[in-house]
Amino acid sequence: MALESTAKVVLGCVAFSIFWVLAVFPSVPFMPVGRTAGSLLGAMLMVLFRVMTPEQAYAAIDLPILGLLFGTMVVSIFLERADMFQYLGSMLSWKSRGSKDLLFRVCLVSAVASALFTNDTTCVVLTEFILKVARQNNLPPQPFLLALASSSNIGSSATPIGNPQNLVIAVTSGISFGSFLFGIFPAMIVGVITNTCILLCYFWKHLSVDKERDQESAGGQDVVVADDEVTSHRFTPARMSRANSVNGDADYMNEPIRRSDSMSRSKSYNSEGDRDIQVAIRSVRASSMSQEMVEVSTVCDRRDDGPRKGDEKEKPLEEEVVKQKKWKVLAWKTAVYLTTLGMLVSLLMGLNMSWTAITAALVLLALDFTDAQACLEKVSYSLLIFFCGMFITVDGFNRTGIPNALWELVEPHARIDSAKGIALLAVVILVLSNVASNVPTVLLLGTRVAASAGAISPASEKKAWLILAWVSTVAGNLTLLGSAANLIVCEQARRAQFHGYNLTFWSHLRFGVPSTIIVTAIGLIIVVSY
């Protein structure tokens, strides 16, 4: 593809640059409008500058990807309401055999959960729980927070529904869910194990601290966290976009975080100026099943208040009501889990991913037997709009001919039929994913890398897509700004009530650089040999 006219090239670069700045730095002083508005601004400028026509802009929007995103969001919301993530959190502390065992569990649970429920959702739900478990066992939070963020990124690479860039790759390439899974799953398992070993080596001394000595210095009393405190927080899942603001200025990525301006502060807190501590992070459960859970607990509370007049007559009736409510809740949760399992089986069978996810979402909405508005309000529509604007902006930038001209310079040296070519391609993907974000990198490089590999053989084309998926995902572990999951963990940990911890950029970088290089290299060997 030849370069367009000078005017179109310059104007297209201006529009794309504005999009990039607002996507990477959503709170820039001169235009703090956020990523969603920034993507729409870039799309509008592409049309306004006549880099592309309105018809071409509409055609650039990939509806199957948006449908798949929407469906997985709704399913994640219902799984959260059905306490799936509470059960996952309980697995971390159940019969734990020490700090190293706990670290291994965090890596394993976060990786598996991310592959099924997206990495961002997993980090939103598990961060505060992991902080409390670490405090309860007098352990430093840093290794466990790094384990959560890095393992979530690695685990999300295994499936098309694990992160947004995998969605784009699966839909664009036409690779089935099963082929995608079997192509990357071995690399993911080895990558998670390798990442865990690196964490253990890096934090071995910190994880070997004598727990009893710490407890004695604290007064000889164990810090106990009640179960209801650990599991009381409720987050809205399916926030899957990339965030890059170290200070937590991300827009839709931080939607689950709510602060209370009316919270009364103690004098010591006022003197230190810590007025940004959040009171709670909760999402309202507006459904009939949730209401029934509340009614069950209310009835149980009334039973514990002591004997009253007429209690003997009311007891059988109340017990019957409690049993009925519990059975209804159990039946509803079972239906949610079976529907999700059916969706995963359908995806493995090779059915259309977008319509499978949408069908599962509609089935869950129907099974709720209530107005769907309350549930649908939790969907991150700002993320869907962000993707629409990004599709248009990236397509307009492609039409200028600049990406193609740059790829023609690199392509002869980045062919996947040689070890040097694979290494160079991996470096290009790694750098672009941290500079321009992983999803735009996939949109810019995807078809070009696939076409170059397709000239070798059809099998090479599929392998090129899998390499792109693996490297662009693991690249998120390089820096704190490389992935939304990293920043979610950082912000959730910093704002956690009573258990706050500040995960700094440099503390993440010291671990992220060696981990990313080693895990990427080992995974590449496995993916290429597939």
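Glycine is no exception: its Cβ is also placed from the backbone N, Cα and C atoms.
According to TrEMBL, the features are:
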TRANSMEM  6-25  transmembrane segment
DOMAIN    31-475  domain 'Citrate transporter-like'
TRANSMEM  58-81  transmembrane segment
TRANSMEM  102-119  transmembrane segment
TRANSMEM  180-204  transmembrane segment
REGION    245-271  region 'Disordered'
REGION    297-317  region 'Disordered'
COMPBIAS  300-317  compositional bias 'Basic and acidic residues'
TRANSMEM  335-367  transmembrane segment
TRANSMEM  379-397  transmembrane segment
TRANSMEM  422-445  transmembrane segment
TRANSMEM  465-489  transmembrane segment
TRANSMEM  509-528  transmembrane segment
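Counted over residue pairs separated by six or more positions, the transmembrane segment (379-397) shares fewer than 3 Cβ pairs under 8 angstroms with the transmembrane segment (465-489), which leaves the two as not touching. When Cβ-Cβ distances below 8 Å are used as the criterion, the transmembrane segment (509-528) is approached by residues 146, 150, 154, 183-184, 186-188, 190-191, 194-195, 198-199, 202, 416, 422, 426, 430, 463, 466-467, 470-471, 474-475, 477-480, 482 of the same chain, each at least six residues removed from its ends. For the transmembrane segment (422-445), same-chain residues at least 6 beyond its ends with a Cβ under 8 Å from one of its own Cβ atoms are 20, 23-24, 163-165, 168-169, 242, 244, 387, 390-391, 394, 397-398, 403, 407, 410, 413-414, 416, 467-468, 471-473, 475-476, 478-479, 481-483, 516, 520, 524, 528. With a threshold of 8 Å between CB atoms, the same-chain residues lying at least 6 positions outside the transmembrane segment (465-489) that come near it are 24, 114, 119-120, 122-124, 127, 145, 148-150, 152-154, 156-157, 162-163, 165-166, 169, 173, 175, 180, 183-184, 187, 191, 195, 239-246, 248, 250, 253, 416, 422, 425-426, 429-430, 433-434, 438, 441-442, 445-446, 449-450, 503-505, 508-509, 512-513, 515-516, 519-520, 523-524, 527-528, 530.
In this model, the domain 'Citrate transporter-like' (31-475) carries an average pLDDT of 77.
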